[in-house]
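**Student:** I grabbed these lines from TrEMBL:
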{"type": "SIGNAL", "residues": "1-23", "note": "signal peptide"}
{"type": "REGION", "residues": "24-51", "note": "region 'Disordered'"}
{"type": "COMPBIAS", "residues": "37-46", "note": "compositional bias 'Basic residues'"}
{"type": "DOMAIN", "residues": "181-320", "note": "domain 'Nrap protein'"}
{"type": "DOMAIN", "residues": "327-465", "note": "domain 'Nrap protein'"}
{"type": "DOMAIN", "residues": "471-626", "note": "domain 'Nrap protein'"}
{"type": "DOMAIN", "residues": "833-988", "note": "domain 'Nrap protein'"}
{"type": "DOMAIN", "residues": "990-1125", "note": "domain 'Nrap protein'"}
Amino acid sequence: MIGSAWLLIGLFISWQAFDNAEGDMEAEEENQDLPKKGKAQGRKRASAPDGVVKPVKLSRADLYKPPTNEELNQLKETENLFHSSLLRLQIEELLKEVTLKEKKKQKIDAFLHEINALLSAVPETPETDLADQSWLPKDVKVPFLQVPFSVKGKFRFLPPAAVTVVGSYLLGTCIKPEINVDVALTMPRAILQDKDNLNQRYHRKRALYLAHIAQHLSKEKLFGSVRFTYMNSNHLKPILLLQPQGKDEKLVTVRLYACPAPGFFKPSRLYPSKNNVRTAWFLEQGSPGEGAAEPPTPHYNNSILCDTGLESNLLFLAGASAGFPGMRDGVALLKVWLHQRELDKGLGCLNGFVASMLVAYLVAKHKISQGMSGYQVLRSILQFLATTDLSAAGISLSKDADSSLPTLADFHQAFEVVLVDPSGLVNLCADMTASKYKQVQFEAKRSMEVLDDSTVDGFQLLLMTPKPLIRTFDHVFHLKHVSKLQGACKKMQLLNELMDRGGNYVAAALPFVTSLLARGLAERVLLLTHSLPQAPQWPISAEPPKHKDAGHLSFGLLLTPAFAASILERGPEADRPEAAEFRKFWGEKSELRRFQDGAICEAVVWGAETMCQKRLIPEQIVQHLLWLGGVPGWFNRICTYKGGGPAGTGEEAMVSIVRSYDDLSRKLWNLEGLPLTVTAVQGTHPALRYTDVFPPTPMKPDYSYHVRIKDKESLLPLPEKPCPAYIAPMKVVCHMEGSGQWPQDKEAIKRVKAAFHLCLAELLSQQHQLLCRPAATHADVYKDGYIFRLQVAYHREPHILKEVVTPEGMLKYRDTEEVTQVTSCIHQLQQQHPAFSGTSRLAKRWVRAQLLSDSLSDECVDLLAASLFLHPAPFTPPSSPQVGFLRFLHLLMAFDWKNSPLIVNLNADLKVADYTEIRNAFVAARPHLPVMFIATPRDKRSSVWTKERPSAQILQRLLVLALESLRALEEQLADPLGSQDGKMVFRPPLDFYDILIHLNAKQIPRHLEGVDRPAKSFSRGMLKSDALVTTLIFPVVGYDPVQCYLQELREAFGDLALFFYDSHGGEVIGVLWKPSSFEPQPFKASNMKGRMMASLSREELVTVPNVEAILEDFEILGEGLVRSVEARTEKWTI
């Protein structure tokens, strides 16, 4: 990946040089205005030391010289095309970064000259049968899969008739980090025979030619590596790779291509409609069947024709780019764009050569003009790709109107994607599938939207952000063993395609597999694509890799949220002719059903009760169509929820909570007897915005686990029993109407609200028979097995709370958190994007699993997750929780928290001017702002949700954990043959902590929420919500002994240590000593808590932490809860 650090350094140097030059221009002006006497008096400036860039001095005439046409064009382009001058600078720095330096070019040229000399000295061989390869030494294997082995023809080796450098190196469009130089070796005519176009004879001669060269070059000390690979992973086209010896090994890879003598093959024999692989030979039958028509072999023919046009295509590109530096820069940028999207390598890729030919086509069609810059060329080619479907209407670069040449219709009949070269004979996209080109189109459209959006950093998103398959697509599944496609080819009767592809069953079956899936998934997917099979490199002494050695094949599905989870697939009406085809396609899954409109249609119904099962319907469809094992939805195992019905992931539980809350809201609005009416009811608990990791479950207390306090009608947990299940109170804010009777004093407002809480509890109990418990700060309501915590709000209260009187008597205003506003916005977001809930919950579960429960607020994580859906570029909004979680980790790890605010445009309330205002205010006040700054429409300047936490150290810890978790998860998900344990990243590394406090599982109320289900569980003193209970008593609310213990620890030892815990059933509290805690402190009688006396000298008495006593206190404070305290003394010393 290209290093962004170099870009920043480059930009800094550019600006610094500009500032220096500007300062010296001013100095020059002042000197010119001074009298000569004054000049003579001035001391001579000391000359700058060697190696330091001296600022350029301009005369007055140069300084006020009018701008040149080029400068005017640049200024105009910056104004019209670039959203800022920074984008122009970024692109210029990127081009400097990826372009080959002159010094390295000289080294490469010298290496090429040496190779040329060695090639001319390779000895000849006597003529033998093509099948007789005994002349080749044992330590060199032919880089070709010779199946079937026997073939007619003769072979002898003669030195190349010509050695020509072709490709991007001569054009100046090859880019770092991988510098490849393509060299064409023209085989003399004497090697080739008249019918070499038949039955792989030419291809085998190519392979033998390269094998003999490889044998001789491998003896030379010039080369550090001599290896084979396949050209664009096409098994018919091996090439030889040469790398220099020593420290320059990574400098360049020279790729040797063997090609036929010009004009040797008759083009008419290699048209797409012609056959050049005989069925009888391919099947190793004795004689061909009489009268049997041979099928066309367009891909095979195209592979031969490709070799005939290497030099002519180079000349065509050279002509298009002559005197046009913008084309060179545009192609380099396009290559970076393709590389970041993994579109530039493998069988059927859109490589740099094809990209260059597309740009040359636009130049020829005058859609790109000579005066354009590299950025304009990039925009033009992306616009062309976004609007041109080469799978439906191909294009030709040929200007020849020869009627004997194949037409575009002939090419479309033979290939899925068509881009014909200038000769009119070669399809440059022959191996590309239609689904892969659709992905290119989709990416180009998305990129144009990003470039046109002035609120985002288009440069960073398009050219610096990688888009791996795992993080880009909502569902990814793998064909683990591609060898099974061999059997699929037989079932689908793809013999003709196998002959055409030289026996490559992966390439033969892939178009049929993608079309099958596209038909089955239909409206459920926005885009279906596949990974590109990539052949490895191999040493010249090894056998060439088989087709199965390309590794597994991955498929990506970009889901349509509206249809992806639909359980019904409605087909044609039963009496229509299409019904039989529908039944044939879906097989036993198809059945007749009557619909509400009265129609009787064929239909397929997928079994799914819960939301987590509905999310996996695309997986069911793929498995039904392909009979294979997909990647399991590990989200379902992280947030597994056990309720009364089928096991799910809590979505249904939250719907039930919201239903109960809506009913309570109606009851509150309709209460009679309140002094002031309720104007609005707003829930602020995460469950009411669908983002609670484990939503509360409806429960009734089991009285045998409690002791009753009769005078208070309350329960207390019995100490000898396990701690009761945690019952979370869900906060609900009741807004009362305004009145002149409301006081303006904070304390008075608190008392009025307390009276309202008493009144609300009494009226709900009387009018709706709800069990209530009022308190000064709230009123708890027990309804449907849930606890709702009502809090009265007065509309002027936030303004009054903002007022703070300083010690000097000044009235100041502070920011207050508006939870209700965030809750309503996020609730709306969940309605638009069903995957938001799962993404946010996975993110919270991960943060808390790292023992950082108290380091990020719920609202902060919700806003981070919301940004992935509101500002997904360069991706699309996630449609599955898994991919949303991967992007959350990437956002944490890759976002520049130090220099940029994260702007979350809730409800699209922010305009372009607001973005500029937020960024400018952020830069101006950066030293005084939180380390993680999140701006929203209601909170542009202060980031209230991150003001207190996380600290800089915790944020750094989060970034490290996110980086490692993302790397581990993506490696695991991309390797279907490895272990598939998504929970791995939810298990925290404990070696980071100085002390571990191990807890007694019996007293952890949320023990079952742990990442790994405990081997032993305890009954938690709760009955199911439908259990019959004669009298109801208010349950114990919000009781978590671990949180109480943590609070005591922080109050007692917060100045010495930090405490970390996973609030979802963690069994360990991690303790870290603060760096300053072991520093000796001057003796003070008031500062002896947890400290003991020590003497530095006879006069000076100091105190140091009494670690033994502190560890003992940890156990005493947590008696019954703490199982043991593990001190890792090897990590710290007193």
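Keep in mind that glycine also has a Cβ here, set from the backbone N, Cα and C atoms.
Provide an account of the burial state, proximal residues and distances for the features listed.
**Tutor:** Residue counts for the domain 'Nrap protein' (181-320) under DSSP, split into helix (H, G, I), strand (E, B) and coil, are 56 helix, 28 strand, 56 coil.
Confidence annotation: the domain 'Nrap protein' (833-988) carries a mean pLDDT of 92 in the model.
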**Student:** Where DSSP helix means H, G or I and strand means E or B, what are the helix, strand and coil counts for the domain 'Nrap protein' (990-1125)?
**Tutor:** 33 helix, 35 strand, 68 coil
**Student:** Under the DSSP assignment, what numbers of helix, strand and coil residues are found in the domain 'Nrap protein' (327-465)?
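**Tutor:** Once the DSSP states are binned, the domain 'Nrap protein' (327-465) shows 72 helix, 5 strand, 62 coil.
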